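Q: This is the structure, below, for whatever I ask next.
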Amino acid sequence: MSNSKLRKVDSENRAFKSEWEHDYFFILNKDHKPQCLVCFQVLAVLKEYNLKRHYMTNHKQKFGKHSCESRKVVCDQLKKKLFQQKSLFTNETKQQEEALLASYFVTYELMKAKKALSDGELIKNCAIKMAEAFNENKVGNKFQTVPLSKQTVTRRLEDISNQISNNVKDIIANCSYFSIALDESTDVSDTNQLLIFVRAIKEDFTIFEELLKVCSLHSTTRVTDGAKSMTGTISGFVGFLRQNQITVPTLHCIIHQEALCAKSIKLSTTMATVTKITNLIRGGNRSLTHRKFLTLLEEMDSAYGDLLLHTEVRWLSRGKCLVRFFELRHEIATFLREEVTNSAELQNDLEDVEFLRNLAFLTDITQHLNVLNLQLQGKKQTICQMVGFVDSFRKKLHLFKSALDKNNLLHFPCCRKLSEEEEGLEFRDYTEIIEDLSSEFDRRFNDFESFRPDISLFSNPIHCDIESQPGHLQLELCELQCDPSLNTSQVTGIDFRKLLSPERYPVLRNWALKLCSVFASTYICETAFSSLKHVKSKNRNRLSDVVLSHILRVATSQLEVDFISLVSSFMKPQCSH
């Protein structure tokens, strides 16, 4: 039988007649289906025969005795009863949705603040107490309905994390290019945690940096420790890629490289003495000694109120510790002389001009390195920006060497201060350390040299030498350099690439998208490890790997969460049931 001969009920224009309400106790519901007022059954087809048959079969015995007027009264009563029931269901559903939405909100904020899963009950009790304080009993009763037990918060966390994870997968599937950053650290329970972040870029140059995976490594990691666990060409991650014939560009984190350059400065004895004196005053179980030192600083009206402890794993710790120590060197010498016995050797160091020269220079050069480190920190930076910061510091090193050759201390404030106290001090001999540091930068940042031509072109496409550029870019570069609107633009970097028409500059846009997708550092991993220390601490060290992964994903994500969608998905099974 052809489709044209099939009957279509929807096209028969059947209309509901008002007299059917009294005759058969039926109304038309919101879906335009006939619904019985007595048993609430909904019929599929709007046809008088079907309504009459339902009434005669199921309800005639009970309601057949009613006359015309009484049938209207009964009909009105049944309609009122149905509407009340629907209203009750609607209100209950709305309250459930509101309570569910509130529980998602609280769970999200708890995870963003890296708080315990059990804190949900505390938040709930506080909200109820606040409602009571404002004499808002109705509001307090609503707070009572919000489910925030530890088990419930865990389930809400899983829902939020799964939505973020699905969104990340969609971003990767629809992006132009992506890269990954990997870093490993050990948590409080001595479990190796490998974090994998993805950096994806879309056609409009929107950049996303999101947690892709948390791998808890309970057995051997099969790699050497330190940076070589990632960059080692034999037993490191890079080596495993090559063994499996996976050829992709790989970079050692640019911030880690800078930190390793800083450690290469040949003044470790000076730093060791600073650390030893600092620990002697405020390290370990020296609370009494520390209190006496604080009292001395207060009496001497010192610029700083205390020394800072040096932490090796913190990038900026060395510089901050040295600055504080140098500024308090006179107070420290006085304190050692008056309050600390058996410290003659350390007292001699603080009076030794050679030690003070080393201290001043180490403080100044470390502060310059800290400025570079701060520039390299931050999310969504391009490799062009970060290499630019490193190149700038390389130029500064040449400037520093030239200045020290003349004993010019313009860029070395601590050295200058010391020279004002001790006349005739020379700092020319530190040029050798500057040269070694410059060589260390050249050696460690050699793997970025392969990106140098692309970085140069990205930074200055308007005035580049077209003939020296890759052939597939040359024609569009000719167009670009002769485009008046782009030649006069003051916009640079990624924002400049957004101005390029996809129709006119498809190759240049694609090339720029690829370059901007590169992860130049694992800074985002380091920030996640900081979150990990808060999430999994001494008091919260029994989190399962799955829950830990969910918490870190929510805590680090920059994506918006669709809470309404979560509530709708949760309520659907209940509604259908």
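Positions of Cβ are set from backbone N, Cα and C atoms, glycine also.
Found this in TrEMBL, in case it helps:
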DOMAIN    18-63  domain 'SPIN-DOC-like zinc-finger'
DOMAIN    503-546  domain 'HAT C-terminal dimerisation'
Q: How about long-range neighbours of the domain 'HAT C-terminal dimerisation' (503-546): same chain, 6 or more residues beyond its ends, C-beta under 8 Å?
A: 114, 116, 175-183, 185, 187-189, 193, 195, 197, 199-201, 203, 205, 207, 209, 211, 214, 216, 249, 251, 253-256, 376-379, 381-384, 386-387, 451, 454-455, 458, 461, 472-473, 476-477, 479-480, 494, 497, 552, 555-556
Q: Sort the residues of the domain 'HAT C-terminal dimerisation' (503-546) into helix, strand and coil with DSSP and give the three counts.
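A: Per-class counts: 26 helix, 0 strand, 18 coil.
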Q: What are the helix, strand and coil residue counts for the domain 'SPIN-DOC-like zinc-finger' (18-63) according to DSSP?
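A: So the counts come to 20 helix, 7 strand, 19 coil.
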